[in-house]
Amino acid sequence: MKIVFMGTPAFSVPILKRLIDTHTVLAVVTQPDRPVGRKRLLTPSPVKEEAQKHGIPVLQPEKIREQHEDILAFAPELIVTAAYGQIVPKAVLDAPPYGCINVHASLLPKYRGGAPIHQAIIDGEKQTGISIMYMAEKLDAGAVLSQQAVAITDEDDVQTMHDKLSAVGADLLEKTIVALEQGTIEAVAQDEDKATFAPNIKREQEVLDWQKPARALFNQVRGMRPWPVAYTLVNGNRLKVWEAKEIAGEHECEPGEILATTKQGIDVACGNGTILRLTVVQPAGKKAVLANQLLQGAHPFQVGKRLGEGHE
C-alpha cells in the first residue's frame, strides 16, 4: 500500500521501519528540527533521521494546516500517524481512500492524550496496550480498529513500556493494514463515558507528595523515569529520585521524615503509616548514584529530617 507516515519521537521509529519493510512509504511528515542540549543545537527528530537513511522525502511543517496540500500531493492510499505532535486537519483525514489511522499507546478510551505511558504507570495500572484507530478531529477519539494489551510489572518504567509498546504497535499495525486491505475488519466507536485523559506531564506532577502512601510514590517514581524524574527537596535543594521501593513496616512519624539510613538506602515516612526506601538518587548538579554512596561522607540525610520542606 502507498502510505504517508506522520511521527516524530523514538516511539515512532520501529513503526516507520515496519512500514518501510512491508509497504511503499511515499513521504514522512515530522516536527521541525528543534534546539537540543546545553548548546541548543538544531537536531532532527528520530523519525526524520530514519527516513533520510532510506531516501524518503521529509516534510516538516511548523503548522500542518498551512502545508496540508503538500502532503496530499503524494496521493497516499493510507496515512499512518504515531506520536506526530500536531492535530491533523480534516482535509488530510478525509483524503486517503483507506483513511488516516493512528497508533496510540493505551487501551482507548482510557488515557487519551500525550502522556499515556507515564499516566498508566503513575496510576498503578497492571496493563496498558496499543490501540489502532481512525483519526478524528477530536483528540484520540476515533473509532478503534484493533487493540492489544501489554502487562505492566513493578519492574517496568516509562522506558521499558515505551520500548514494549512501540514493538507491539509495529506488529499490530502490520496486521491491521492487511485486514483493511482485505476488508475483514470493522472499526468500533469508543465509549465516551469511559474516556480518561493523560495530558502532557506538568512540572507540579514531578514533586513527590509524602502525604501519599508509599505505593503511590513508588508508582510515581517509575512513571517519571527516565523523564522528567520525580523529585523532593532536601534543605531547599532538589533531590531527584530515580529508584525507590515500598518496604514492609509501619510508623507514626510525619510524612517526609527520614526514618533510617542504611546500606540499602534512605527510608522515608509516607502517608497511611507506609515507608518508601530511596535507592538511587541525584542531588542537584550531580550524577545519579546509589543512595548509600551519599551516606558515606557528610550528608544532609539525618534521621528525623523532613524531606520536601520548602515546596509551595
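From the backbone N, Cα and C atoms, a Cβ is placed for every residue, glycine too.
Summarising the annotation, Swiss-Prot assigns (6S)-5,6,7,8-tetrahydrofolate binding site to Ser106, Leu107, Leu108, Pro109 and lists sequence analysis as the type of evidence.
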Check your understanding: Near the (6S)-5,6,7,8-tetrahydrofolate site, what residues other than Ser106, Leu107, Leu108, Pro109 in the same chain have a C-beta no further than 8 Å from the centroid of the listed C-beta atoms?
Key -> His104, Lys110, Tyr111, Arg112, Pro116, Gly129, Ser131, Asp140, Val144, Gln147, Gln190
Check your understanding: For the binding-site residues Leu107, Leu108, which Cβ has the most other Cβ atoms within 10 Å, all shown protein chains included?
Key -> Leu108
Study note, to complete from the structure: Ser106 ((6S)-5,6,7,8-tetrahydrofolate binding site) has its Cβ surrounded, within 10 angstroms, by a count of other Cβ atoms equal to 24
**Study point:** DSSP-derived class (H/G/I helix, E/B strand, else coil) of Leu108 ((6S)-5,6,7,8-tetrahydrofolate binding site)
**Key:** coil
